[in-house]
């Protein structure tokens, strides 16, 4: 298991649509382990495979917020089967959009079908932060970032700021 580099906006790979996983095998489990290590090291509560440059429909998350009681979740080929009409707002951030946060409104409940770490089909009814995190990470699988829900002006300002930060980096 190893910590990988996280891609940051602007990066064309982040706008790519991820491809379904044919089979959950050792390679996919190693990827999920690396994703989880990367997410914890960042630190964050969710990560999509595309954020480390792998265009597969895989997301990992852990919303437990307790260092001693980690509760990792693995979603392969997740599909939202149902969403609630009632929405809630959470201030979202993203490891691929560093140090930027915005209040985003999403359905406060969703039902998601997916394959787990071992390739077994699962159905989960999620609400609150878990539902928000699932929807946020699943957006990555479609090439969508949380900043895409903002006004054009706000989004443009964030991208300019991130581009400037990237161009000022010195790699030694």
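Just so you know, the numbers here start at 1 and follow the chain as drawn.
Placed from the backbone N, Cα and C atoms, the Cβ positions cover glycine too.
Here Swiss-Prot flags 94, 136, 140 as Fe cation binding site, drawing on sequence analysis. Cβ-based neighbour count (10 Å, all protein chains) for residue 140 (Fe cation binding site) stands at 24.
Under the heading active site, Swiss-Prot lists 137. According to its DSSP assignment, residue 137 (active site) is helical. Listed in sequence order, 46, 47, 48, 59, 61, 75 are the same-chain residues at least 6 apart in sequence whose CB falls under 8 Å from the CB of residue 137 (active site).
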Worksheet item: Taking the Cβ of residue 94 (Fe cation binding site) as reference, which residues of that chain separated by at least 6 in sequence fall under 8 Å from it?
Response: 100, 136, 145, 146, 147
